[in-house]
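Novice: Here it is, the structure in full.
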Amino acid sequence: MSQSTATYINVIGAGLAGSEAAYQIAKRGIPVKLYEMRGVKATPQHKTTNFAELVCSNSFRGDSLTNAVGLLKEEMRRLDSIIMRNGEANRVPAGGAMAVDREGYAKSVTAELENHPLIEVIRDEITEIPDDAITVIATGPLTSDALAEKIHALNGGDGFYFYDAAAPIIDKSTIDMSKVYLKSRYDKGEAAYLNCPMTKEEFMAFHDALTNAEEAPLNAFEKEKYFEGCMPIEVMAKRGIKTMLYGPMKPVGLEYPDDYTGPRDGEFKTPYAVVQLRQDNAAGSLYNIVGFQTHLKWGEQKRVFQMIPGLENAEFVRYGVMHRNSYMDSPNLLTETFQSRNNPNLFFAGQMTGVEGYVESAASGLVAGTNAARLFKREEALVFPQTTAIGSLPHYVTHADSKHFQPMNVNFGIIKELEGPRIRDKKERYEAIASRALADLDTCLASL
């Protein structure tokens with residue numbers, strides 16, 4: 001397919017990702033047609049017609065450079081992010097986090113985009129994928145059915161599905177490897193799972209804690225969709241004391257290795273129950289808890305799941321969530337610049353690409369918008385270094401294992417590891433990663 005010769009770029013959706021994409025394109029001197037259906041057609045979750053509205057929390061999370069999202073925000077500031085700039089201008093006290101006056105922030109983003117001389121705001125619902133120009137689609141996690149069908153068809157009838165559950169993800173370096181063993185069920189294929197065995201006593205205590213743990217409240221627009229997807233582990237536990245033993249905690253085919261010295265029930269060769277951990281990224285630094293999709297409160301997840309042998313001191317880089325979302329099979333469908341592999345004139349941004357969180361959504365819009373503009377100008381694509389947060393996040397969502405791909409927040413586990421001996425002190429290690437990231441980003445920008 002040849003590159004579009006249109007004199008403008010379309011951006012569909014004026015949430016965080018779409019607003020950022022539109023600004024990044026316009027600041028490079030390219031006219032933008034920015035489509036937003038709110039004002040013509042309401043959504044269940046939005047309260048206003050303002051751009052970049054924050055639907056749930058008003059927090060952009062941690063602001064320290066020893067926090068991955070804090071690093072991402074600093075990188076975005078250096079890249080002239082409209083979301084970060086207006087967030088700073090409408091900041092409210094929140095300790096070490098960055099929180100904003102929800103209404104003031106959204107109004108200021110809206111005003112800046114509506115008053116930009118190169119941005120034409122069109123309040124209308126888009127039900128077809130435009131073919132008149134380079135287009136960035138950033139329609140959010142609840143994309144309308146009509147447009148979702150078109151995206152589904154564009155991708156060959158595959159790769160755009162409803163996301164109902166995500167299991168927690170753990171930093172491998174915080175797992176007590178002396179209590180787990182590597183094995184695949186029935187020894188099929190290579191040993192690919194870390195197995196956390198439980199005795200009957202351990203399982204009974206875990207089951208009791210899980211069934212009595214406090215669940216997170218549901219948003220009104222999620223309630224009717226809650227049980228359409230995978231069953232939460234806590235719901236499964238409440239259906240019967242042995243239900244999980246025939247599901248994600250099934251021990252069959254996961255016998256103890258010969259050198260196992262941990263607790264066991266008598267001379268049994270197989271544990272009473274097993275929790276499996278599956279590698280979540282190519283680097284092998286992250287593992288998810290297989291089958292443990294959940295809607296427990298985050299504090300409860302930490303308390304209950306740290307009862308699993310080997311996870312007593314585990315650090316969770318993402319807690320499990322339950323809600324309906326639309327997201328793409330980005331590893332198969334998108335390049336590292338969020339460009340469609342099937343249609344080079346088409347870019348996607350926001351939560352539909354598999355990034356999770358306000359800041360991450362805006363960052364994806366920055367990457368997609370920047371590269372849509374570079375395509376328009378027939379310039380080489382800009383892929384940020386994997387040593388940066390804004391480079392590692394697109395790399396993760398477009399290179400993850402497609403079969404097990406789930407949305408992801410930015411975290412240090414997906415950023416390229418430091419060279420040389422591992423820095424044992426976590427704070428010092430994160431400071432070193434952040435320092436390298438900002439230096440590499442500055443070098444990247446200086447080379448343009």
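Counting begins at 1 with the first residue displayed.
A Cβ is built for glycine as well, from the same backbone N, Cα and C atoms used for every other residue.
Residues or ranges marked as FAD binding site by Swiss-Prot: Gly13, Ala14, Gly15, Leu16, Ala17, Gly18.
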Novice: Near Gly13 (FAD binding site), which residues of its own chain have a C-beta under 8 A away, given they sit six or more steps off in sequence?
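Specialist: Residues satisfying the criterion: Tyr35, Glu36, Ile137, Ala138, Thr139, Gly140, Gly350.
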Novice: Which residues, sitting 6 or more apart from Gly15 (FAD binding site) on the same chain, put a CB under 8 Å from its CB?
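Specialist: Result: Phe51, Ala52, Glu53, Ala138, Thr139, Gly140, Gly350, Ser361.
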Novice: Would you pick out, from the binding-site residues Ala14, Leu16, Ala17, the residue whose Cβ has the largest number of other Cβ atoms within 10 Å?
Specialist: Ala17
Novice: Once Gly13, Ala14, Gly15, Leu16, Ala17, Gly18 are set aside, which residues in the chain still have Cβ within 8 Å of the Cβ centroid of the FAD site?
Specialist: Val11, Ser19, Glu20, Ala21, Phe51, Ala52, Ala138, Thr139, Gly140, Ala349, Gly350, Ser361, Gly365
Novice: Same chain only, sequence gap of 6 or more: which residues have a CB within under 8 Å of the CB of Gly18 (FAD binding site)?
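Specialist: Sequence-distant Cβ neighbours: Val11, Ile12, Leu34, Glu36, Phe51, Val136, Ala138, Thr139, Ala349, Gly350, Gly365.
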Novice: Would you mind pulling the DSSP three-state label for Leu16 (FAD binding site)?
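Specialist: In three-state terms, Leu16 (FAD binding site) counts as helix.
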